[in-house]
Amino acid sequence: AYEDSGISLLDNGKFAQGLVGSDGAWGPYEFDPVGFSKYTELVPFFREAELKHGRVCMLATVGWMATDLGARFPGDAFQGVSTVDAHNRMVEAGIMGPFLATIAAYEVYGGWLCLEGFEGKINREAGDFFLGKNFLPKDEAQAATMRLKELENGRLAMLAFSGICTQSVLTGEMWPFF
């Protein structure tokens, strides 16, 4: 039911079922220290989670940097607050409800799509929310390259966001930390 790069995700004997990004940049080293790829039926779920977290972290990293550099929504509640303290200030101001409701709606939709895909009711690639396929190149090789770029940039963003958060909290400094 799930496909990525035209490779069926039934156990095809390939590392990580041959998903885009399963070969390392320097060759097929099959780096999987935890052993996730041996659970072939869960590989689409793992890829879905990796893409989702990567996309969220790409947005969060840009948002954190923009906020620390001075970008703000209009209104007094959004002024004069550091990125580290923003969550608590927004909860106190009572304006987190709409944000959380919107996120909850997307999470329910994503969970439903994932469940439908696992049950074979819809045919979709992991991470496909039926938005944006028109932006991929029509050539399959170029589309696979774009998927790999998204995956690798998402992996980098997950590390970047973790580092930015950690350094901001530990040092009390705002990005770019100098």
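Each residue's number is its place along the chain shown, starting with 1.
Cβ from N, Cα, C; glycine included.
All annotation found in TrEMBL is predicted automatically rather than curated by experts.
According to TrEMBL:
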type    : residues                              : note
BINDING : S37, E50, H53, K149, N153, R155, Q167 : chlorophyll a 1 binding site
BINDING : R55, V91                              : chlorophyll b binding site
BINDING : E150                                  : chlorophyll a 3 binding site
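Here the features listed in TrEMBL are placed on the structure.
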residue: S37; record: chlorophyll a 1 binding site; DSSP (3 states): helix
residue: E50; record: chlorophyll a 1 binding site; DSSP (3 states): helix
residue: R55; record: chlorophyll b binding site; DSSP (3 states): helix
residue: V91; record: chlorophyll b binding site; DSSP (3 states): helix
residue: K149; record: chlorophyll a 1 binding site; DSSP (3 states): helix
residue: R155; record: chlorophyll a 1 binding site; DSSP (3 states): helix
residue: Q167; record: chlorophyll a 1 binding site; DSSP (3 states): helix
Neighbouring C-beta atoms (10 Å sphere around the C-beta of R155 (chlorophyll a 1 binding site)): 15
Spatial separation of E150 (chlorophyll a 3 binding site) from S37 (chlorophyll a 1 binding site) - C-alpha basis, Å: 20
Extent of the chlorophyll a 1 binding site in Å [max Cα distance among S37, E50, H53, K149, N153, R155, Q167]: 32
Neighbour tally for R55 (chlorophyll b binding site), based on other Cβ positions within 10 Å of its Cβ: 16
Distance check against the residue listed as 'chlorophyll a 3 binding site' for the binding-site residues H53, R55, V91, Q167, keeping those with Cα within 10 Å: R55
For N153 (chlorophyll a 1 binding site), the number of other Cβ atoms found within 10 Å of its own Cβ: 15
Neighbouring C-beta atoms (10 Å sphere around the C-beta of E50 (chlorophyll a 1 binding site)): 19
